[in-house]
Amino acid sequence: MSAVTDLLQQVVEGLGSGAVYASLALALVLIHRFTGIVNFAQGELAMLSTYVAWQLVASGMPFWLALPVTLAVSFAGGMLVERIVIRPVQGAPELTVVIVTVGLFIFVNALAGLIWSFTVKDFPQPFPDGGLDLAGVRVDWSTLGIIGVVAVVMGVLYLLFQHTSIGLVMRAVACNPASARLSGIWVGRVLMLGWGLAATVGAVSGVLVAPVLFLEPNMMGGVLIYAFAAATLGGFDSPVGAVVGGLFVGVAETLTGAYVGVIGADLKVGVPLVIILAVLLVRPQGLFGRAAVERA
Amino acid sequence: MNTITAALGTDRARRPRAALTVLLAAAAAVGAPFYFAPFQVFQLTMVLLYAVALAGLNLLVGFGGQISLGHGAFFAAGAYTAAVMLDRYDTGHLATLPAAAAGCFLLGLGFGVPALRLRGLYLALVTLSFAVFLPPLLKRLEPVTGGSMGLTVDKLQPPAWSGLAEDQWTYFVVLAVTVVALLLARNLLRSRVGRALLAVRDNESAAEVMGVRLSLHKTLAFAWSAMFAGVAGCLYTWVIGFVSPDSFSFVLSITLLAGLVVGGLASLYGPLLGAAFVMYVPSVSQDVSEAAPGVVFGLLIITVMFVAPTGLAGLPGRVLGAVSRRLPRTTAALDRTPEADSVPETDSVPEADSVPEAEPKSPAGSRPATTLTPADPAVVDAEPVGAPPRTEKE
Amino acid sequence: MRKTTALRAAAAATAALLTATACSSQRGQDDQSTTAGGACKGQQTTGITDKTIKLGGIYPLSGPASAYGTISKGVAAYFKYVNGKGGIDGRKVQFIVRDDGYQPPKAVEEARRLVEQEKVFAVFQTLGTPSTAAVWDYLNKQKVPQPFVATGASAWGTDDKHPWTIGWQPNYVAEARVYAKYLKDKKPKAKVAVLYQNDDFGKDLLGGFKKAVAGSGIKVVAEESYEVTDPSVSAQMASLSRSKADVLLDVTTPKFGSQALAADARNTKWNPLHIVNNVASSAAVLQPVGFKNVQGVVSATYFKDPADPQWAHDPEMKTYMNALHKYAPDADPANQFNAYGWAVASSLHKALDAMKCPTREGLRDAVRNLKDVKVGLLLPDVTLSTGHGDAFPLETMQLMRFKGERWQLFGKPVDTRKEFGPLTK
């Protein structure tokens with residue numbers, strides 16, 4: 001294997017992890033677009049959805065039937081979470097809502113451990129084993145599959161944001177709920193929809209990454225940090241940014257971890273930090289974010 | 001801001017009462033280690049120590065309006081400064097405190113500069129990644145930090161003349177530092193710096209127009225805040241006598257922020273209440289459910305936020321507010337203080353008392369972290385009172 | 001308004017405090033420690049009577065390391081089982097479990113609670129190196145035994161300032177020596193790639209391995225670390241594969257073990273001999289990867305894996321299974337951590353039986369003077385041994401290879417003490 005193939009192989013690995021980060025980052029972007037908050041529990045909700053899928057498969061349901069059922073359950077679950085957990089603090093300071101999601105994070109994580117224990121579960125791989133061999137570079141089908149699905153979700157979200165009336169409505173709600181309400185928007189419903197959709201996207205993410213990361217209650221904890229990094233880099237309101245940010249973070253940390261001896265695998269987590277800081281100092285709204293125009 | 005003037009107006013009348021409160025509180029604080037068992041005294045010590053960190057975070061988040069999810073890193077920096085000094089240079093405990101404070105102040109200053117460009121969410125997440133990055137960095141610097149095994153150092157030992165047990169002595173030392181730190185925080189807020197900070201938080205542009213030097217104050221807020229966290233970290237080393245990189249994971253940063261919000265943002269008692277929450281509630285959770293303490297702890301955080309969306313410190317005010325609204329109007333009029341007393345809280349509190357059941361009334365004023373719109377006229381009107389003069393210099 | 005409330009509260013609190021201090025200070029409880037008479041005169045008998053013995057344990061029941069919390073269930077089940085049979089030498093065991101969330105300050109708090117408030121006889125098990133290191137100074141100062149801590153750091157045995165603390169499981173260095181010996185015998189020219197967790201566990205094992213192979217033809221050609229907070233180790237595995245090493249030493253905890261095994265299986269171009277360390281060797285880790293993907297993987301062990309069918313008819317395993325069903329119905333008996341808890345608790349039982357005096361000092365001395373003690377759930381040839389200059393109860397492990405659907409033990413048990421000499425700092 002030549003140095004170039006080595007390099008390309010590392011890039012592929014980076015894209016693989018990047019796609020994992022991007023998949024959850026999409027859910028973070030979605031909820032931020034709808035509600036204007038950062039949801040710390042997003043990863044844990046995704047993990048919970050994945051357990052639902054696992055439970056269905058384990059009880060004998062075929063995977064391709066379990067998947068839509070899981071997505072539907074997640075959608076309903078997300079809406080329920082908004083109604084029960086978030087609605088009561090609506091209108092409270094924003095940080096209060098964020099801390100509620102932190103509480104939700106701890107709750108869901110412990111709940112999953114209580115129900116399913118912390119033993120690693122095997123999750124069915126929706127994509128075939130093995131992979132492509134492109135001039136000596138191995139690309140697993142699962143990596144390609146994750147990237148493909150992430151691209152599709154990104155496309156759907158882009159269309160949703162830019163080309164539907166929902167997109168406009170939720171932007172109004174996220175910007176200023178009071179004004180939105182005054183102009184006849186049913187704010188509560190829009191927020192519920194946002195949580196439902198985000199939970200669904202999260203469920204897709206969980207189901208995608210579970211065969212690679214292995215399912216256990218802390219599966220999404222590590223991903224969440226990187227997904228935050230991805231969304232921050234890309235701009236918190238852009239699905240395209242989330243995906244580009246995720247892939248970029250994945251490739252950058254893998255390459256520096258592998259090739260820059262001083263940094264090494266232990267400090268590679270610092271790489272996205274530096275990149276993000278550098279990017280944000282130039283573009284405080286992230287790579288693909290829109291600058292918030294303020295009326296002061 | 002107008003509430004501050006109100007408070008100042010009645011200040012004289014209150015002085016004896018306030019003095020008595022302080023005296024009683026002091027008596028309780030001093031008496032506690034002679035009454036409680038050593039283990040409980042240790043718990044109280046930890047509460048005080050966390051309160052210092054939270055008071056620092058409060059300066060930044062509550063009064064400065066900048067969210068930091070990286071204060072665990074400053075806490076760690078302070079703890080490691082103390083531990084390394086004790087371990088390598090055998091400096092004695094007292095010398096580590098100014099070093100940790102100064103070191104973290106500078107670190108915060110360094111961090112405050114890029115923080116100027118970032119706001120709200122982005123600042124929060126950049127600081128979070130800093131907190132994530134620190135533990136592996138500490139492990140890498142093994143020759144100095146002891147790597148992943150951490151460092152074990154001497155705890156505070158009571159001098160012979162004191163006649164106190166170890167836990168009592170530690171408690172008193174930490175109490176002294178905490179009192180100084182909390183007073184410093186309070187005075188900082190009452191000074192020009194504090195007024196400038198509030199002005200910046202409430203309306204950045206307006207403050208700038210009035211001559212507040214934004215960049216200076218925001219950077220300084222970060223530095224002060226980091227300093228408090230560093231002092232708390234230093235105390236931590238004194239009390240626990242052991243530091244290791246994995247003790248300071250990003251979970252600590254999130255816990256600190258959660259503690260602050262639960263205790264009450266921009267309140268002077270908030271940090272103490274928040275610290276008590278962080279300290280005691282996990283044990284309580286375990287008493288409730290041994291199988292899954294996390295389930296209970298998560299639920300308790302959510303419940304507290306439901307009951308007291310502005311934090312525990314705001315709870316009495318909210319309850320009294322709710323009660324007085326139900327009572328005949330006259331009683332409420334006599335008790336003219338609830339609003340005045342809630343000075344340090346976020347602006348929307350007085351009118352948003354009924355938040356849980358009501359839809360948001362003032363969505364803008366209550367968001368210290370993100371973009372602010374002048375939807376709340378009171379905020380803008382109040383500005384001139386607290387805003388510092390144009391020619392302000394530090 | 002609030003000032004008034006605060007005033008009243010403070011006044012009430014002070015009044016209550018003063019009255020209480022005057023009447024009965026809680027500090028007085030401190031003096032309730034008891035000592036023995038007779039031959040054991042002056043030794044501490046706090047927490048132990050003729051009828052009872054009170055033990056406390058600190059485990060991560062919440063937080064990132066909660067996977068290990070289940071050890072406490074195995075321990076508790078054992079004590080309940082023993083109590084059902086009349087207790088330890090007629091003493092019923094009361095076992096108090098506290099949660100530290102894997103945070104050292106919390107561990108200190110809970111240790112103090114157990115010692116000062118619960119008045120336990122011994123703190124039986126603290127879990128994890130950070131938590132143990134945070135409390136051992138305190139416990140030794142208080143002269144409270146801290147037997148059989150649930151971490152394999154070598155510090156517990158090499159240290160001479162903490163006589164009240166002792167480990168149990170084979171330390172990570174001993175485990176590394178077992179693998180080193182195996183390679184020296186079988187692949188004396190091996191090039192080794194190491195994947196390790198960037199903490200005391202990974203560093204200790206890696207360091208021990210390097211030391212053990214020093215001067216031989218075996219070379220460590222690549223090493224990559226990961227943080228427990230990392231989502232995956234796939235990038236590290238890709239880096240390691242570039243080294244073309246012929247052995248992969250996999251020093252990971254369960255989830256990352258599964259990931260590394262899966263990544264190794266996926267990579268068809270690099271097929272090193274995969275040595276997975278004991279922590280990640282449970283069948284529960286291998287099964288999700290798919291048994292067909294882990295054939296020929298090598299590891300070492302010292303206790304019987306409950307998920308392994310070869311022990312299904314072992315009498316102690318049967319006792320364990322039945323007791324766990326009965327006393328810890330929500331715990332999964334197949335989880336090796338439960339079995340670990342059972343094994344370590346039965347080891348403590350033996351040590352308590354061996355006490356000359358039923359005192360804290362008695363236990364301290366007993367755990368440091370174990371002579372080939374057999375414990376049911378340990379492998380047949382593995383025994384507990386300590387003595388002067390040897391504070392490592394378990395130092396023998398046996399190699400095993402995965403074949404079909406289970407581990408197969410092979411070779412003779414490796415007594416690392418004999419092979420490599422005693423472990424020093």
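Including glycine, each Cβ sits where the backbone N, Cα and C put it.
As recorded in TrEMBL, the features of this protein are as follows:
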TRANSMEM  B:41-61  transmembrane segment
TRANSMEM  B:68-86  transmembrane segment
TRANSMEM  B:92-113  transmembrane segment
TRANSMEM  B:120-138  transmembrane segment
TRANSMEM  B:169-189  transmembrane segment
TRANSMEM  B:220-244  transmembrane segment
TRANSMEM  B:250-280  transmembrane segment
TRANSMEM  B:292-315  transmembrane segment
REGION    B:331-394  region 'Disordered'
COMPBIAS  B:342-356  compositional bias 'Acidic residues'
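Recorded stretches compared: B:41-61, B:92-113, B:220-244, B:250-280, B:292-315; the one with the most Cβ pairs under 8 Å to the transmembrane segment (B:120-138) is B:250-280. Touching of the transmembrane segment (B:220-244) and the transmembrane segment (B:92-113) is concluded from the presence of at least three CB pairs under 8 A, sequence neighbours closer than 6 excluded. Of the Cβ pairs linking the transmembrane segment (B:41-61) with the transmembrane segment (B:92-113) and spaced 6 or more residues apart, fewer than 3 are under 8 Å, so the two regions do not touch.
Proximity of the transmembrane segment (B:250-280) to the transmembrane segment (B:92-113) is not established, fewer than 3 Cβ-Cβ distances being under 8 Å for residue pairs spaced 6 or more apart.
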